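Visitor: So that we are looking at the same thing, I have put the structure below in structure tokens.
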Amino acid sequence: MFRKSGVKDGTATGQVGIKKKSRVPGVMITQFIESLPEGKSHPDFTRKPIALTIQEGKFAFFKAIVTGDPQPTVTWSRNNGDVSDTSRYQTKYDPNSNEHTFEMPNVQPDQADTYKCFAVNEFGQAVVTVVLNVIEVGYKKNKAKQPAAEAIDGNFKTVLKRKSKIRPKAEQERKEGEIDPKFWELLISADKKDYESICAEFGVTDFRWMLKKLNEMKKEREEEQAQFVKSLSNLKPIQVNADGTASFEIDMDLLDPSSSIFLYKDGVMVPYTKELGDKMKHGLKQVGRKYIFSMRDLMPDDAGLYQLDVEDVNMFSTEFKIPMVDFLVKLQEVKATEREDAVFECVLSNPFSKILWFGKNLPLEQGDKYDIEVSEDKLIHRLVVKDCMIVDKGIYSACAGIKSCNAWLVVEADKDAQKGKKTARKTTRAGGSGVDLQKIAEEQQVKLVKDREERKEQIKAVKEAAAAAPPPETPPAPAPTEAPAPKAPESKPASAPAPPVVEVPRIGHSAEEATGGERLDQPLADARSEPVITGGLSDIYALRGNPAELSVTMNIDSDGGWFKDGEQLNSGAGVAIKKDGTSHKLNIRSCRDDDSGVYRFVSGDLSTQGKVTVGDVPEFDPDDLHKFSKPVIIRVGQNAAFKMPFPPQESLVVSWFKDGTELKDGGGIKIVREPNHSRLLLKDCLRTDAGEIKIQLKNPFGAVEATSRLIVLDRPGPPEGPVETVETTSSIIEIKWSPPKDDGGSAVTNYIIERQQAGQSLWTKLGDVSADKTSFRDRNVTHGKKYNYRIYAENPEGLSDSLETADSIMAGIMILSGPPGAPTVVSASKTCIKLTWTPPEDDRGVPVIGYQLEKRKKDTNQWIALNAVNEPIEDVSYAVKDVTEGAEYEFRVSAINESGAGDPSPPSAMVCAKNPNMRPCFKDPEDFIVVRAGNSARIKICYEAEPPPQITWLKDDEPISPWTHVINTEGMSQLVIPSSKRSDSAIYTIIAKNSVGEASFDIEVRVTDEPKTPGPVELEQTVQGKVVVSWAPSPDQELDDRLYYVVSQHDSNIRMWKTVADRLFTNTYTAININPGTEYHFRIYAKNDVGLSDPSQSPTWGVNSNRVQITSNGVNSTELSFERPPSILVPLKVHTPPKGYQLYMTCAVRGCPTPTVSWYLNDICINSDSNYYMTNSFGVCSMYILRVRSKDSGDYKVVAVNPLGKAECSTKLTVRD
């Protein structure tokens, strides 16, 4: 079953080696004969193994499915090692699913390699390779420090001639078959998960060679980088941000901070600035070791390969791809109520699998708060903000490539909610685009498909023209192969039609490129021998009274005629026919209604036609237009209606717009279209609905528009902040603000000011000021106290929302408290550190209202507050739970009074967040477990220990099998047997050991199954009124020491079964109170920890057993006997299973009385051997071996015996390695 990669798999003598192509990529097929017999086939893979990256110690496996007739033999090998060690490698085959499995339990780093799977039969072989990567745990690779770079000798010519390894396109000169250097630069900086997509983009299929060369290049690059940097990490590829810029990041620790840093785009050096306020396109920002390169004012030309170099060594390469996509429907403002879902929608011009969503300039991902939805055609994208709260309001944006759009989310308080109670989440959704997105997407999809088909037709026409005129005096070329279809992008589903990706060929620039390998320049030159219409007629719409022109272009100079509705036309009144070389034109000087019709141009056998329709642009009545132009004024919450009459016309499209955006019927918008007028109704208008309203009438001849305006009156917006403090003394606080941006449609009349003392909940009205005054002086203040203010704007529609001060304003000078005593550690654990401290000795005459606690992590300089100043700790003790296990901290505390937090105390002693050491102990373990055979056995043990202990499992004081899984987590260890069998019954011991001590615990695991039925039952009466019931033991009695018997009885008087004996460990039972004349029946059950067996029935005892035999009075009777000796109906078959696989042997036996069946291996009876499981179901005799072993090979025999004779059959079992 195993094979070393060093053995060369060539063809045998007399065989041919024909390479065949598999339908599965990456499979290499060699056919041994030239033509296959009918019905036969060479091996092939329908499912190949998948590359695997796994953590060491886990269970690794490869699966493959092969086809071929005859059935191929499957073997496995590895490039650098042997796979014959059965404790580390195991092959399996499942005949039901036809899966071949190669397993590696407890995989180790030295097993990381390239593996091969071979499928071979007499007609050929198929080979596929697969890579296994093993991630090492608890090991960190330390690189040797590279020697310092030699000093520069002062020759600046090398600096002046700096160039990137990626040459500009104008300088690229690559030989045929040479790989673009850009491919290697991208791979060196890419994650392993991106290797496959990069190889597919550059057409690289030999992954093995690629990985080998990439490792060599990485090693060389790391040696070069070590001359200038200590470490390089956190390489983030370029991506577009919410603010419309693009950036990439890298953490880099330079050996010399003065080293020069260069930026390249497609091999050309790019200038950049380090000043934040500079207006250059490219910029560099450095924060510690992090370097952030950004690019603003993105354009399609910005796409390309960007490289970062330190001196002359490349550090990072990333490619910026800009898809050609735009927004057909942009995001619209959403106004939602608290606990309601908000929806933002947009439609793209081209399919896009995933766009970037941002909320308040932060990237958003799918999760509990946000749902990101994409339609099947990848055109409609939707963001759902679930369970909106006030804090969710802000600007949300969508970014596709370099295009973006944004809109506001306005969250309003629920007016119906009861104060102090949390409202239930609403099931409604607010927002949406207000248009039929599905219809727009379908129209765009049809357009994309149409464009693609047109481009295909253009390419097809060029190819047909080239094929119709072969070049003269040239031997015929072989038939061109069809160009491969362009590969659809991975992000598009198979069900959706692909967007147009075929380019129109450019004649004369690259004829081979345009036709997929065919030369078009010579065929096209000779194609002019026959006339062809290169520019035909199309349908046109002409304005009444205006001229119109029809034009046809031929490839050569030829004559032709013009026809209208079947009648030939000549130059005359109103019509002029002209011919200029290959161009034929028909001019209508002034279009009239009778000029409408179908026009046709005919030249020989060629013709083209088009329809001309004459009409007028739609128009409005002047009085209706003047009436419509008057603005509509309403209040918030009211409906707004617009109506516009117009003359009835055919093919008239009526559209309504608001601020340039088309309105669609649905939601709060109702559009009514009648033959002579159209109405627009906007329901429950908001302030955001105010704006320009426009109606457009459009027909094929043109369009006309009428404009009106909607004014929505509402209470004003809040005054503009921030609130500024003009003056603060011990008796006066003066503040000022700015007028609101939105006055609600009517002028602000006055401002209302309210005040709240810090720490209290009551707001008090101080007064109001006129609209022309935006300041207020509060004279009723107390020195040292802090106050909050809020200002309302008022107009005839009501009060605005309030503008509040960001921070409390103190009257006079701050008086802060002295420092408290240094915190003292009461106790420490890995999740909590308890502290206590003493109040300050000097409170400066102002009462202390609480404390602020701060922490500082060891080896850092930053103090982090654990509570805000407005949330003081009222007690002199506190339990700090925001700690990291194993980290060391020190703490300090400040006293808080009405003026704020005072001076901090001296720091506490350094304390480590860890549990005190303790000896391992087990928590409530179970010491006995029963498992049904075939089920998985799972032993779960919880423990407590510090430091974490080393866990060891034993089976009967021996190490457990490598096929048994052990899962260790913090505080718990599990032993899992995937498919248990009776041999897994044992005493399992768990040992937990750490530096403090050791603990162990024994668990008895019993693997069993429902017992087999006891043997025949015999009844015997030794004493009047008592019957001795005896039976043959169950076959499982010797295997299960916990098996016992249950006896049930029923008689002809009661006719109900009742249990008369339980937990019998013998094979006899004495039934009492047996009355003559009553019929008795007994059932014997075998029972164990799993359940009851089927019953064994006794003969009838009582009336029938004492019945007197009736003579026949001399009449002779013939008896019919069904007795017969045993015979074999279906014999055993030959089996050759692989080692470790399961096996069934079956035969059919007949005989009366029922014969006793015995199984023999090499003439030794195996009926009582626990490694074999036998059954006899109505003459169908089966034997099952869970996992065959080498010693199971041999001659098997089945012997059936009854009083009339004996029958037997035999077979041979060969176990393959």
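Backbone N, Cα and C define each Cβ position, glycine as well.
TrEMBL labels come from automatic prediction, so no person has curated them.
According to TrEMBL, the record shows the following:
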- 43-129: domain 'Ig-like' (DOMAIN)
- 416-436: region 'Disordered' (REGION)
- 448-502: region 'Disordered' (REGION)
- 448-463: compositional bias 'Basic and acidic residues' (COMPBIAS)
- 469-487: compositional bias 'Pro residues' (COMPBIAS)
- 718-814: domain 'Fibronectin type-III' (DOMAIN)
- 819-916: domain 'Fibronectin type-III' (DOMAIN)
- 916-1008: domain 'Ig-like' (DOMAIN)
- 1013-1106: domain 'Fibronectin type-III' (DOMAIN)
- 1125-1214: domain 'Ig-like' (DOMAIN)
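Tell me what's around each of these sites.
Guide: Taken residue by residue, the domain 'Fibronectin type-III' (819-916) breaks down under DSSP into 0 helix, 41 strand, 57 coil.
Residue counts for the domain 'Ig-like' (1125-1214) under DSSP, split into helix (H, G, I), strand (E, B) and coil, are 3 helix, 55 strand, 32 coil.
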Visitor: Give the mean pLDDT for the domain 'Ig-like' (916-1008) on the 0 to 100 scale.
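Guide: Across the domain 'Ig-like' (916-1008), the average pLDDT comes out at 89.
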Visitor: As a quick check of your reading of DSSP, tell me how many residues in the domain 'Ig-like' (43-129) are helical, how many are strand and how many are coil.
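Guide: Helix/strand/coil tally for the domain 'Ig-like' (43-129): 3 helix, 52 strand, 32 coil.
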Visitor: Where DSSP helix means H, G or I and strand means E or B, what are the helix, strand and coil counts for the domain 'Fibronectin type-III' (1013-1106)?
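Guide: The counts are 3 helix, 44 strand, 47 coil.
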